[in-house]
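A.B. asks: After the structure tokens below, expect a handful of questions from me.
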Amino acid sequence: MSSNSTVIRLHAEEKNVGFDPNESLMSKWRKSYESNRRRSVAVSKYYSFGYFFCICSAELYCAFTEIIPYFYSQFGWEYVYFMKVIAMFVFINTIANWMLTVLTKTHVPQDNDRPDSVNLAWKKYENSTDHSGEQIINLGSVDRSDLHWTFCKTCEVPAPPRSHHCPICERCILKRDHHCFLVGTCIGFYNQRFFVILTFYVAIASFVGLAHIAVYMKDTYYPFHSIIDWFFPVTLTRFVMGDVSLIHTLLMIQIYTFWWSGPVCLGFFLYQLIAIYYGKTAYELAKTRRPNRIRSLNPISYNFQSVFGSFWPINFIFPAHPILKQLGDGRNWPGVKIKYDV
Ligand SMILES: [Zn+2]
Ligand SMILES: [Zn+2]
């Protein structure tokens, strides 16, 4: 009898640990959805990189085998050769900057190197029993316009000024600009330079590619196919049946990608340039019209070097981060102040 009661109690405990019998179906579904969403977000950057790597490779293949010879062979083989070098240059820069954007660590490290004044305040916080809410750690400065360190409860790290917690990456990001759903990661202090160059080259490749593909398809596809053949599932079906060539199918995939990737990346590139010009992040630029906004007193050249390093235009030729270091450390922000409107 006693052994039966033990079994029953154990089952009850197991039930309590495993799931709550009073938990609603909606609550269970929400938990399951949330855990699946986090898992898919964590791997989404590899999916998007894989997709765009295939698109870029397809564009390079089509450019080398069909598009460049079709448009430029009339000017001589040197011109064809030159255009192939340009296409390869854009391809390598796009892939390299994409990989560096995704792989560069830009979160606030656990062994965060805090200034001494913050260490003192931090010690006071650690000894405190009140762990409620995000606590501002004052640097002890008399200047109210100085930026402050904060404490992130989720990451349990002292977070430098201008860093923000990303609920998708689940990390605090140094000088967080925004979370980019296109590359599937946060853009922050260390990878912003690669992201800006990436948007530039994707915009170039999309617009130039689309212009060439449109003329090529008008000459070689439009006269021989009906309007329904431009609908991608039909194109794919007819490719499988042998009625549409591989080149035309690959070009159709590129048309369906470039019409949106060109304008989106151009928009991001211009917005990033404006934000860097003013020494702000995209997040801070969006808050320009609100009170207590951040302003940079640094010269424009400093703002660009803070993102790209010295001789910053060289980044457009190759990723120059090992030799051209960024100004600043992403933690201390001399010349960046809070402007109080009240
Ligand atoms: Zn955090
Ligand atoms: Zn993020």
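Positions of Cβ are set from backbone N, Cα and C atoms, glycine also.
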A.B. asks: From 167-185, 300-318, which range did TrEMBL mark with transmembrane segment?
C.D. replies: 300-318
A.B. asks: State the residues, same chain only, that lie 6 or more residues beyond the ends of the transmembrane segment (258-279) and have a CB under 8 A from a CB inside it; answer 'none' if no residue qualifies.
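C.D. replies: That would be 177, 182, 192, 195-196, 198-200, 202-203, 205-207, 209-210, 213, 285, 295-296, 298, 300, 302-304, 306-307, 335-336.
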A.B. asks: Same-chain Cβ contacts of the transmembrane segment (79-100) under 8 Å, 6 or more residues past its ends?
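C.D. replies: The answer is 49, 52-53, 56-57, 59-60, 63-64, 68-69, 72-73, 183, 191, 194-195, 197-198, 201-202, 204-205, 316, 318-319, 321.
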A.B. asks: Can you tell me which parts of the same chain pack against the transmembrane segment (194-217), counting only residues 6+ beyond its ends and a CB-CB cutoff under 8 A?
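C.D. replies: Long-range Cβ neighbours of the transmembrane segment (194-217): 56, 59, 62-63, 66-67, 70-71, 90-91, 93-94, 97-98, 100-101, 104, 177, 180, 183, 187, 248, 251, 254-255, 257-259, 261-262, 265-266, 268-269, 272-273, 276, 307-308, 315-316, 319, 321.
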A.B. asks: So how many of the residues in the domain 'Palmitoyltransferase DHHC' (150-287) end up helix, strand or coil by DSSP?
C.D. replies: 82 helix, 18 strand, 38 coil
